[in-house]
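The annotation active site, charge relay system is assigned in TrEMBL to Ser230, Asp324, His358. Here TrEMBL flags 201-409 as domain 'BAAT/Acyl-CoA thioester hydrolase C-terminal'.
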Amino acid sequence: ATLVLEPAGRCCWDEPVRIAVRGLAPEQPVTLRASLRDEKGALFQAHARYRADAGGELDLARAPALGGSFAGLEPMGLLWALEPEKPLMRLVKRDVQTPFAVELEVLDGNRPEAGRLLGRAVHERDFMAPGVRREPVRAGRVRATLFLPPGEGPSPGIIDLFGSGGGLCEYRASLLAGHGFAVLALAYFRFEDLPEYLNDMHLEYFEEAVDFMLQHPKVKGPSVGLLGFSKGGDLCLSMASFLKGITATVLINACVANTVAPLHYKDMIIPNLGNDPGKLKITESGHFTFLDVWNNPLEEPNHLSLIPLEKAQGPFLFIVGMDDHNWKSEFYAHIASERLQAHGKDRPQIICYPETGHCIDTPYFPPSRASVHTVINKAVFYGGEPRAHSRAQVDAWQQIQIFFHKHLNGKKSFKHSKI
């Protein structure tokens, strides 16, 4: 049997790949298995059972899976359904300069562990499109990596912030640069000489990052966009509310109040939203869920933690997972909408995805309903159903690009990718 991949050999992680098998017997039962190892050697695998057509061919774009890690017509199921060999491990890309090598195997019959190997192929999935440049940034206090798209530029700029895990995450910024943006993946704690913990946050650090982008010759001014996830989302809200030079802000499952640590800016302090650890719940599988821990920002004692997003100059896009077990993300997005309208501002764009958990990330990353959280070193339940989560990731990735192209690049229409 021959495994046929389109595009052959390699492509970017956020591009779909067509998987087909030729040379099988008519209506032959087979199992397809995918596997990859991350940079630390952790193994992730998925498999699905299929039956070839009358001509001995199998095309995952037309043939439904009969069971396994998923069932039904799922052309990219072998990627989004990857599961860790060791429980609670989440697949992330640490070094975007190297691809993930996905091994695909065709096994005879519908028993993946016992089937005879019929064919094999390796598909490399890159995180930097051809021509994308990666530049480490150590400018003043700023610790980041800048990804520049192909061409001479200048290009519309985006600052990308992740959540309370800390460190420097580059995979979203590197992929987004392949779509025509200059993207700064910005660390703000637990990286090099930055603070180890989220204690006191100072908005001047983020202001320095905005200034760096606006002064860069490859970044198209006079403003930049912001992309924030989780804790990085409320930091982006604060940046948009207090800093100049910000035109458009995308928030993925973020709070409308300042969380985790007090935020300082000049002579102002926004206290962090309080919480009640006694409301921490444990699921039947023993995972923590934080949904009810956070205090209601609308109640009187918590008003000071609300971020005055009505001061922002540009539009907002809220991406919401309806099964987020870390934040009441939909509730927060509607607070933002009501607050903006109450101050005579346009309501934000809110996109809600049913059965989708906290980590709505880059397309085709396995959703990991639960994971060991790096801050508290406990198993945390993120929520979401894998199939719905995968569809949300693909759509949200498109919506992010459409929003930024419209508000940073002045493009009223947007050509959808093959996704």
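The backbone N, Cα and C atoms fix where each Cβ goes, glycine too.
Sequence-distant contacts of His358 (active site, charge relay system), defined by Cβ-Cβ distance under 8 angstroms and a gap of at least six in the same chain, are Ser230, Asn253, Gly321, Asp324, His325, Asn326, Trp327, Ser329, Tyr382, Gly383, Gly384. Every protein chain considered, the tally of other Cβ atoms within 10 Å of the Cβ of Ser230 (active site, charge relay system) stands at 25. A sphere of 10 angstroms centred on the C-beta of Asp324 (active site, charge relay system) encloses 26 other C-beta atoms.
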